[in-house]
Amino acid sequence: DVVETQEHYKSRWRSIWVMYLTMFLSSVGFSIVIMSVWPYLQKIDPTADASFLGWIIASYSIGQMVASPLFGLWSNYRPRREPLVISTAISVAANCLYAYVHVPHSHNRYYMLAARALVGFGAGNVAVVRSYIAGATSLTERTSTMANTSACQAVGFILGPVFQTCFTLIGEEGITWKLVQLQLNMYTAPVLFAAVLGVINIILFFSIFREHRVDDMGRQCKSVSFEGEESGVPDQDAEGTIDHVAVVAINFLFFVILFVFAVFETIATPLTMDMYSWTRKEAVFYNGIILSVVGIESVIVFMVVKMLSKKTGERAILHGGLLIVLVGFFILLPWGKKLPNIQWQEIKNNSIPRTTATEMVMPFWSLQATVLPSNHTVEPVGCPVTQSWCLNTPMIYLAQYISSDILIGLGYPVCNVMSYALYSKILGPKPQGVYMGWLTASGSGARILGPVFVSQIYTHLGPRWAFSLICGVVVASLLLLEIVYKRLIAFSVRYGRMQE
């Protein structure tokens, strides 16, 4: 039998490449502001604290968690173009809203919260992307294609902070377009750029994307969701039940993987501002560079893991990735004796006359206090005294922080792609829209709890407690992986239709 015509093959892969781009833009929508949310929040609402920062970052994932199963269900019964176009349009509108959160005279923080939640809702199309790719690839193509998808996601995470770093050159004031009340600055330019990319993505959905589906052997099949653009025979290999124990296990492992990475992303800016006395602009700039380098590392890992998985299998690589993440967070624990610099701040407006500064700050920063002119307003830097742990917890050295970044940047992409590859193989030829929606929702739930968890624990108990608890969570996930290890096999292998 002819497995696939040349025309079908080219159209199928063009559509997959559009899905790669969609995944890229979804991650850009998240990461392009991740380093600047905190200083932007402080700028539009000085009363907002680190706890509210956690909720703003989590709101993206709340929106994605709600939307993913809905878009997944939609894609099971209707043309996938429909949820893809609608979701991307929502993200474009939400990014425009984010650019205007400075305009209202009150409740600015809540407008920012709503904007990020809607961007996340639009990013629920990740479930549609993953289910389409799982259905449009054979079993031998699956791991490689999932790795490419995750690589595109990683490139989005790389270029998001890079775009943000470039836009810092515009400055905090930037340019104001009074006619439409638009401030184009280092905080708003990135989201407007993301909105333009979203419009381009919508155009590609109409011009290039087509519905395609093949079975595990690569034979052309009828599309489950929409048969108008597809021809072929019904998939006879869909008979059988899915191993729901394996499904639940992968969902939990994926939750842990996304949870620890969300913690890592969220804590980067506050941690470096506290430990190294960086200003808001320095924290955005330096963390943007560090995370960009880590992102490049991740893309290399995705490329390597595609080849490595053919020799060792996905399960062993997933195990190794979790171990690397564990070591990365263990290194991040504060071990030394040197304490971080303590932040000075005047209660009302941070304006510190010389006499007041000398009285308040002499025990800590006597040199700085003596050179501050009267009426001078300076951004307070260092570890705030309102965080009581700053007075007795050792600082995390920059070498520790960078080493941890490198290890987490190595372990996370390995775990991410292996989870998706195993999950899609376990589901096999069954319609995967809803299942992929639940997997995306579990990851989104992790992105909700991760920022809230770390912002609360870090603010009140400090980095030692926060990172120790993370290490415990990763150890628990390793134990679960050992228990279900033998069940994490492909649907076709489980029913003896293919060799492992």
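Numbering starts at 1 and runs along the chain as it is shown here.
Cβ coordinates come from backbone N, Cα and C, glycine included.
Summed and averaged per residue, pLDDT over the domain 'Major facilitator superfamily (MFS) profile' (15-489) gives 79. Annotated domain 'Major facilitator superfamily (MFS) profile' per TrEMBL: 15-489, in sequence order.
Sequence annotations record features per position, and here TrEMBL assigns transmembrane segment to 17-40 (among others).
Sequence-distant contacts of the transmembrane segment (52-72) (same chain, at least 6 residues past either end, Cβ-Cβ under 8 Å): 30, 34, 37-38, 41, 83, 87, 109, 112-114, 116-128, 131, 262, 265-266, 270, 432-438, 440-441, 443-456. What TrEMBL lists as transmembrane segment is 52-72 (among others).
Marked as transmembrane segment by TrEMBL: 84-101 (among others).
The transmembrane segment annotation in TrEMBL covers 113-133 (among others).
Taken from TrEMBL, the feature transmembrane segment covers 154-171 (among others).
For 191-209 (among others), the entry in TrEMBL reads transmembrane segment.
Distant neighbours of the transmembrane segment (245-264): 57, 61, 318, 322, 325, 329, 408, 412, 415-416, 419, 422-423, 426-427, 435, 438-439, 442-447, 449-451, 453-454, 466, 470, 473-474, 476-477, 480-481, 483-484, 487-489; these residues of the same chain sit at least 6 beyond its ends, with a Cβ under 8 Å from one of its Cβ atoms. Per TrEMBL, the feature transmembrane segment maps to 245-264 (among others).
Annotation comment: TrEMBL describes 284-305 (among others) as transmembrane segment.
Per TrEMBL, transmembrane segment is recorded for 317-336 (among others). Outside the transmembrane segment (317-336), and at least 6 residues removed from its termini, the chain residues within Cβ reach (under 8 Å) are 253, 257, 260, 305, 308-309, 393-397, 400-401, 403-408, 410-415, 418-419, 422, 462-464, 467-468, 470-471, 474-475, 477-478, 481, 485.
Residues or ranges marked as transmembrane segment by TrEMBL: 401-423 (among others). Sequence-distant contacts of the transmembrane segment (401-423), counting only residues of its own chain at least 6 positions beyond either end whose CB sits under 8 Å from a CB of the stretch, comprise 130, 142-143, 146-147, 149-151, 153-154, 247, 250, 253-254, 257, 260-261, 264, 271-272, 275, 290-291, 294-295, 297-299, 301-302, 305, 309, 314-315, 317-318, 320-325, 327-329, 331-332, 435-436, 439, 488.
According to TrEMBL, the feature transmembrane segment maps to 435-459 (among others).
Look at TrEMBL and you will find 465-485 (among others) tagged as transmembrane segment.
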Most Cβ pairs under 8 Å with the transmembrane segment (284-305), selected from 17-40, 154-171, 191-209: 154-171
